[in-house]
Amino acid sequence: MWGGRTGAFLRPSGWWPTGVLGRRLLSCNAASLAGSSSPRCWNCGGPGGPPRGDRFFCPQCRALQPPDPTRDYFSLMDCNRSFRVDTVKLQHRYQQLQRLVHPDFFSQRSQNEKDFSEKHSTLVNEAYKTLLAPLSRGLYLLKLRGIEIPEGTDYEMDSQFLTEIMEINEKLAEAQGEIAMKEIESIVRAKQKELTDDVSRAFERDNFEKAKELLTKMRYFSNIEEKIKLKKIPL
């Protein structure tokens with residue numbers, strides 16, 4: 001996993017051209033698209049790129065531009081704004097973007113570009129992690145529509161569901177041995193799969209209140225999954 005300047009990216013031999021020419025893969029020729037509304041390059045003052053598409057480098061001087069604050073994670077990762085995401089395509093896009101903007105490629109560039117590459121790389125990491133997991137992806141979709149679920153809220157959960165969660169937590173606290181742990185893991189995994197399918201259908205029907213309710217339930221089971229991981233760590 002990329003992490004800023006830690007974990008240097010290894011450039012494949014013979015694959016990456018010298019200089020910034022390879023970065024033209026995701027840059028756009030803005031000569032015919034530039035207009036008064038186009039962003040200006042911080043380095044040369046020229047049009048910084050078209051109003052849509054990938055805008056990482058100035059088409060005139062090839063300087064790395066700052067991240068676009070108006071761009072959401074789905075657009076950045078070239079995904080449809082949907083709960084259903086092709087995770088293989090998402091991973092390929094992640095790798096593609098990090099080959100363009102990872103700080104390791106800007107160690108000899110200007111300080112501005114070094115700073116921008118850090119911001120781009122961090123943003124790409126956050127977008128990838130958010131869209132990869134169903135729970136965070138669903139919460140982000142709701143956030144884009146102005147709907148958020150505060151941490152720690154029960155969101156008017158019915159008593160039957162809360163009782164179910166309490167019983168699973170009690171089983172986990174009392175679990176001794178690998179067999180007991182695997183049984184609880186299996187239960188939680190099945191519940192998350194069922195909820196994920198239900199969330200997908202809710203988004204397809206634009207039923208955001210239902211999606212909110214289901215995602216809240218997924219968050220409860222996600223907390224149990226974290227407790228399972230912690231219990232597996234030897235003391």
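In case you wondered, yes, glycine gets a Cβ from its N, Cα and C as well.
Taken from TrEMBL as is:
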SIGNAL    1-22  signal peptide
DOMAIN    71-136  domain 'J'
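When averaged over the domain 'J' (71-136), pLDDT in the model lands at 96.
Residue counts for the domain 'J' (71-136) under DSSP (helix as H, G, I; strand as E, B; rest coil) come to 48 helix, 0 strand, 18 coil.
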